[in-house]
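K.L.:
Dropping the structure in here first, questions after.
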Amino acid sequence: MPTIQQLVRKGRESFADKSKSPALNSCPQRRGVCVRVYTTTPRKPNSAMRKVARVRLTNSKEVNAYIPGEGHNLQEHSIVLVRGGRVKDLPGVRYHIVRGTLDTAGVNGRTQRRSKYGAKRPKPGQAPAAKGKK
């Protein structure tokens, strides 16, 4: 326990917050190249095949990034834009790939929350796009 005089001289040391996306180096997004595109299974109560890519960023760090939305066109050597944001049920996945930029296509047939998935606005009067696999 410090004395009042010690606190006057030195003060309390405040801890700096730890970054939740350290590989981005305080940038909002980073460009990278897909090293491996694969599927993985989520943690315990959930069950699915989640699409994930191992990405080498321009600062030469490698991260696991989640590919959001239904269906994607990514493969090895695709250039992608990576943003922060973890996936709660995938351990070690702390980043998201931005859809609709660089080599990543937007989600086809998406009508709601389109900006999050890089989907263009459908033409007025046009029938909704057919669903993919059932």
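Any Cβ shown, glycine's included, is placed from N, Cα and C.
Okay, so Swiss-Prot annotates it like this:
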REGION    1-27  region 'Disordered'
COMPBIAS  10-20  compositional bias 'Basic and acidic residues'
MOD_RES   ASP89  3-methylthioaspartic acid
REGION    103-134  region 'Disordered'
COMPBIAS  111-123  compositional bias 'Basic residues'
COMPBIAS  124-134  compositional bias 'Low complexity'
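Could you place these features in context, so I can see how deep they sit and what lies close by?
P.N.:
For the region 'Disordered' (1-27), the residues of the chain that approach it from at least six positions outside its boundaries are 57, 59, 61, 63, 82-86, 94-95, judged by C-beta separation under 8 angstroms.
Here the compositional bias 'Basic and acidic residues' (10-20) has, by DSSP, the following mix of helix, strand and coil residues: 1 helix, 0 strand, 10 coil.
Of all Cβ atoms in the protein chains displayed, 15 besides its own lie within 10 Å of the Cβ of ASP89 (3-methylthioaspartic acid).
With a threshold of 8 Å between CB atoms, the same-chain residues lying at least 6 positions outside the compositional bias 'Basic residues' (111-123) that come near it are 68-69, 98-101, 104-105, 129.
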K.L.:
According to DSSP, does ASP89 (3-methylthioaspartic acid) fall in a helix, a strand, or coil?
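P.N.:
The three-state answer is coil.
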